[in-house]
Amino acid sequence: MGLFGKTQEKPPKELVNEWSLKIRKEMRVVDRQIRDIQREEEKVKRSVKDAAKKGQKEVCVVLAKEMIRSRKAVSKLYASKAHMNSVLMGMKNQLAVLRVAGSLQKSTEVMKAMQSLVKIPEIQATMRELSKEMMKAGIIEEMLEDTFESMDDQEEMEEAAEMEIDRILFEITAGALGKAPSKVTDALPEPEPAGAMAASEGDEEDDEEDLEAMQSRLATLRS
């Protein structure tokens, strides 16, 4: 559909500038989410070290899986920033074309970037809105419905490879959990003597509550 196929409330240049502002705003949101997840990851690292000292192998594995999920989430957020940069570059090109041709043009680069961005849950709503506006303006073509579906790889992350879990544990404990790339079935370091390991049943319950709270915080940050 061409730019002037339907009545436009705003001129093309204003539309492009508005889209660029929205993209930059979402990039700041993504940056903030990355920082929040990474801060929480540092807390998880400390918890892994504490659990290793107490000989809590299962807790270590659970926390390592949380770190894997968090790192995958951060990687996706960084990828989304790259796509948003591509869209911003596309917007600059549109302004250049607008000055010469007097109208906006279709852009396969912007189309590809937007197809990826509408799959990112953290920014999905804004990207859908922008996509619809860009379709009306004729910059991108209508996207298939399945491109709007949120990608849920929770199951995949639940089955994180043992090698990756072991690598995380080896990294955090500086090799205290065995030698890389050994499996997580390797014995943990001997528990600390006497007082340190004479934890009461109440302490164990507190540990479980702390673990659940940490998992909940990470899940909230990733969603």
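Positions of Cβ are set from backbone N, Cα and C atoms, glycine also.
Per Swiss-Prot, the feature coiled coil maps to 22-54 (among others).
Mean pLDDT for the coiled coil (149-223) in this predicted model: 60. Per Swiss-Prot, the feature coiled coil maps to 149-223 (among others).
Per Swiss-Prot, the feature compositional bias 'Acidic residues' maps to 201-212.
Per Swiss-Prot, the feature ubiquitin cross-link maps to LYS179; the stated evidence is similarity to another entry.
Annotation comment: Swiss-Prot describes GLY2 as N-myristoyl glycine, evidence class sequence analysis.
Taken from Swiss-Prot, the feature phosphoserine covers SER200, and the record attributes it to a large-scale study or a structure entry.
Annotated region 'Intramolecular interaction with C-terminus' per Swiss-Prot: 2-113, in sequence order.
The feature region 'Important for autoinhibitory function' is assigned by Swiss-Prot to 59-64, with similarity to another entry given as support.
Summarising the annotation, Swiss-Prot assigns region 'Intramolecular interaction with N-terminus' to 151-221.
Summarising the annotation, Swiss-Prot assigns region 'Interaction with VPS4A' to 151-223.
If you look up Swiss-Prot, you'll see 180-223 marked as region 'Disordered'.
Annotation source Swiss-Prot lists region 'Interaction with STAMBP' at 196-223 (among others), citing similarity to another entry.
The feature region 'Interaction with STAMBP' is assigned by Swiss-Prot to 204-208 (among others).
Residues or ranges marked as motif 'MIT-interacting motif' by Swiss-Prot: 201-212.
The annotation site 'Important for autoinhibitory function' is assigned in Swiss-Prot to VAL48 on the grounds of similarity to another entry. For the recorded site, VAL48 (site 'Important for autoinhibitory function'), the DSSP three-state label reads helix. Applying an 8 A CB threshold to same-chain residues 6+ apart, the list for VAL48 (site 'Important for autoinhibitory function') reads CYS60, LEU63, ALA64, MET67, LEU169, ILE172, THR173.
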For the region 'Intramolecular interaction with C-terminus' (2-113), the number of residues DSSP places in helix, strand and coil: 93 helix, 0 strand, 19 coil
